[in-house]
Every structure is written in C-alpha cells, then in structure tokens.
Amino acid sequence: MRKIIHVDMDCFFAAVEMRDNPALRDIPIAIGGSRECRGVISTANYPARQFGVRSAMPTAMALKLCPHLTLLPGRFDAYKEASRHVRDIFSRYTSLIEPLSLDEAWLDVTDTPHCYGSATLIAREIRQTIFNELQLTASAGVAPVKFLAKIASDLNKPNGQYVITPADVPDFLKTLPLAKIPGVGKVSAAKLESMGLITCGDIQQCDLAMLLKRFGKFGRVLWERSQGIDERDVNSERLRKSVGVERTLAEDIHEWSDCEAIIERLYPELERRLATVKPDLLIARQGVKLKFNDFQQTTQEHVWPQLNKEDLISTARKTWNERRGDRGVRLVGLHVTLLHPQLERQLVLGL
C-alpha cells in the first residue's frame, strides 16, 4: 500500500507578503488587480476570506465585498524563491515529488526510512521544517492514493493535516460529496445531483455501464474514485504543458492597433517565462486568446516550432478580423504549448 502526502501552502502568495511585511498580517489583503484596473484575485489571506474574497474572483467583486481590501500587485520572484526552498525541503525526504503549482505538490514516501517510515510523522516534520526555515505554514493530507491525499490536505486548514488510513477509506468515501473529487466542477456536480448522485456512496450503487453511457470516460473516473481507486503514480518528471501570459484591460479596445500594441508588450514576458522552463522542452504550438466584452472568448493556435512574435501577431490579426465582430476586447493572451523531446516523433506522425 502506498503512502502519499499532498502538501498545500496556506494562502501562499499572501503569506509571503505578510511574512515580509508584518503590518499586513491582521488586515484583509489580496494579490491581483488594482482599484483602477480590472483583473482577478490570485490569492487572499484569511482576514479577506472572512468577507467572502476568494481566488479567481474578479477584483471588482472582491472590492464590493471588502471595500477596505488592500490589493498588492504580486512579487513573483519572491514566491518562486520560497517555492524553491519548499521543494528543497521535500527533497530531503523523497525524490518522488510531483509539483502541481508553486504552492502544492504530491510526495510519495512509501519507501522512505525517515520518521520510522510513518507518512503522518513525515508530513508533520515537513510542515514544521517549512515553518522553521521560511516562517510560512502549510497543510497536508496523507492517504494511500493521490486524489484522497489532495482532498485530505484541505480538511484541516490552515496549518494542519488530515490522515486517511487504508482502513478509513471505505467509510470516508461513503459520505464524500462528489463535488470534492478533483475534476468534478459545478456543471458536472449539478448534473450528477439531478440524477440523485451526490456522494461517492451513491456512485458505488451505480452500474459502471450506465456511468460510461452517460459520462463517457469521465464515468469510469467517477466510478474508480468512488471505489478509492487511483493508480496514478507520483510523477517527478511531470511535464509542464504550456506557458502563457495574458492581460485584462482597464478599458475594452475596439481597434486592431491597440491589440497589436498589447501583444508587443506581452511578448517579452512570454519570452521570459519560457526561458524558465527546462531547455529540453520544445514548442509544439503557439497561439493567442481574445476575451470579448460579452465574456465569450476564443483561442487560435497552430503548429510552430519556435517562438515568433510576427507569427503571433499574424494569428491575432486573423482572429481579430474573423471572430470579433463588433465586440470590444477586454483580455489579450499569448501562449505556447510545449513538447517533450520523447514525444516529438508522435506529434510529427500525428500531423
């Protein structure tokens, strides 16, 4: 039986800001956007969350909920440095580390000799070490499979941990809401609820063939997760699939020249972000995204082996002319899809 830990830093970006500026600790703060510009909240601290401010919330909505919210632009170099330090702490216990983002990762500690082989003690020690060395707190979940470890890490936040032993799994799953399963969004959860399927216990009573018919491959995933099945390994070579940069605009734009000027400003940041990726990752495709003032969005990309500003501008112009109509544009984005060298042959054959 495997021993999987999911570590999730507590309101990470905001926590770094509060650590470096103690005056921010007891007031509502959020990273992302500004009072003058549109945007979305990246992270909010717990005082802000008491007002209902959440990650991915439009900044304007956050300010309505909490008018005295302090908005910070973000210091991503500081966040990356803290993330590297946390990753170094993980590596003292295992080489099987799968980062999901700067602030969370899975660890497989099945075969580690540390802490007498106890995943519970390892998680506790990792969290304490993070606090001692970085003055930041983390929460953790311990379970025999990845998805349960991730769910567990959210059950005793902040600065806590939750353990699901193999013996606990059946009872835990019986009452677990399907909406808690990673990958089950609001739309899927609503559809399941309309069928009388609310918990994993409900899915356990279902016929797999029916789930496959109604939900396709996702039906199998639902059935497996509801049985506690998750055979995915902790993948220390997990590939980053894409790199992108986008800008939500203070005012909608209606002229192509304005869009082109924004792309000119975004392109150096895309180059910078791409430079931080492992050098053996190649570009498979590059593309653009436009979001309109009716909140509809469109993405267009094509195969292109090298980052090329002129090609991105050409793609954006084509998208602008063919898909915008008379709508204003409120967001412009650039992105590249990455290709691992081992998969290059597969992509070429697939064309």
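In case you wondered, yes, glycine gets a Cβ from its N, Cα and C as well.
Here the Cβ of Glu104 (active site) has 19 other Cβ atoms within 10 Å, regardless of which shown protein chain they belong to. Positions annotated as active site by Swiss-Prot, on the basis of sequence analysis: Glu104.
Asp103 (Mg(2+) binding site) falls outside any helix or strand according to DSSP and counts as coil. Residues or ranges marked as Mg(2+) binding site in Swiss-Prot (evidence: sequence analysis): Asp8, Asp103.
Residues or ranges marked as domain 'UmuC' in Swiss-Prot: 4-185.
DSSP assigns Phe13 (site 'Substrate discrimination') to a helix. Per Swiss-Prot, site 'Substrate discrimination' is recorded for Phe13.
Over all protein chains present, the Cβ of Phe13 (site 'Substrate discrimination') has 26 other Cβ atoms lying within 10 Å. Separation of the C-alpha atoms of Phe13 (site 'Substrate discrimination') and Asp103 (Mg(2+) binding site): 9 Å, rounded to the nearest whole number.
In sequence order, Asp8, Met9, Phe12, Phe13, Ser83 are the residues near Asp103 (Mg(2+) binding site), counting only same-chain partners six or more apart with C-beta under 8 A.
Its own atom aside, the Cβ of Asp8 (Mg(2+) binding site) has 20 Cβ atoms within 10 angstroms in the protein chains shown.
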